[in-house]
Amino acid sequence: MLVTTNVDPVAKIKVVGVGGGGCNAINTMITDYDIPGVDFMSFNTDAQALKMSQAPVTLQLGEELTRGLGVGGNHDMGAQAAEESLDQIQEFLEGANMVFITAGMGGGTGTGAAPIIAGVAKNMGALTVAVVTKPFEFEGNKRREIAEEGIAALKDKVDTLIVVPNQRLLEIVDESEKLSFIDAMKKVDSVLAEGVNSISNLISQTGYINADFNDAKSVMQNAGTALMGIGRASGENRAENAARAATTSPLLDMSIEGATGVLYNVVGSDLTLTEISQVSELIKEAVDPSANIKFGAQIDPNAGEELTITIVATGFDENKQVFTKKQKGVDENVRTFGFKPRAEEVKEEPEMEIDSEEDVLESFEKADIQEEDFEEDILPSTPVSNPSNLGDGESILDTPTFLRRRKA
């Protein structure tokens, strides 16, 4: 059996939850995951909420501005609160090689303060990665617009930005689960937690094949928008199934296609070189041929028969991004981000009957179509000097069929 040993990480990693959503994710990471060598922090404007934090380090943002009462969804006030606390933020982030910022976009503190905190971390020289969520559709257009504004501001302040749309949870979770609202929120927390946990473990633990902090930095520094996927599988073809689940995660808007930077990790209790090779080939086929690919492989005696693959893909041409589609058919032994996606129902199309040549000719003879019918219905009544030009530079081919009929 291949053996891996945990070592004290060389890179100093700090994980900061900002606002209500971010602090909830921090609590999930601490209670449900074992992430050694990582410093957890919760930053919020709501003093009451901070009392519920599991993080060993907490910071009340904008103490003078908000008096600990929060910002009431006002993201501008959230930004002001962070600016008031700049000195404390800098003090808490001192010495970090890598800073994760996790938050829910659309609220006041997370949306407004996260870009400020990210700017501090990056200016201090830390590799800065944000993992954030977009609101559910039922939360309304206003919250969605605020979230988009916050994501745009955050993108300018981080090295790598990973966005998880909450709405995708509703689209892929099996309907039989009948998720309560609280359970749905826990799913969101677990997605953020799994992302941070997987990347941190890849960097901070020594494995059978190593990926270190500088490997992560070469892929994630100044990378912009990124894709993060986690796939798990057991049984036959587990390596292939886990790799496909990670690279085509239905939780994400983007596809891995075209990525020029890739960081991935393979974890199992009894990994074989054949499985590692299979995963490598599948990922290489999916990304840009010249992509910078860094990976690690770790042995976890507690993994059982399950193989887990975590992937971060960067370096996309945003003008050519490919968007993911729902999966059609899901293997019972395959999971993504910790739960089994719902299989999309595939409707069978009826087979088309094709007439024989004799039947077609016979139907034309029976139709008794006259030449003048073609002239009246198809040809224009007056000559057109340039049939492709409708005036004002508009081409007839640029006009949809139903509009051409309406103009007639």
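Heads up, the Cβ atoms here are built off N, Cα and C, so glycines get one too.
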Recorded GTP site member, picked from ASP183, ASP189, ASP212, ASP215, that accompanies GLY20, GLY21, GLY22, CYS23, ASN24, GLY108, THR109, GLY110, GLU139, ARG143 in TrEMBL: ASP189
Stretch-averaged pLDDT - the domain 'Tubulin/FtsZ 2-layer sandwich' (209-325): 87
All-chain count of other Cβ atoms within 10 Å of GLY22 (GTP binding site): 32
Chain-internal residues, separated by at least six, CB under 8 A from GLY20 (GTP binding site): ASN44, ASP46, ALA49, GLY104, GLY107, THR109, GLY110
Fewest-neighbour residue among binding-site residues, criterion Cβ within 10 Å, set GLU139, ASP189: GLU139
Cβ-Cβ distance under 8 Å to ASN24 (GTP binding site), same chain, at least six residues away: GLY17, MET185, ASP189
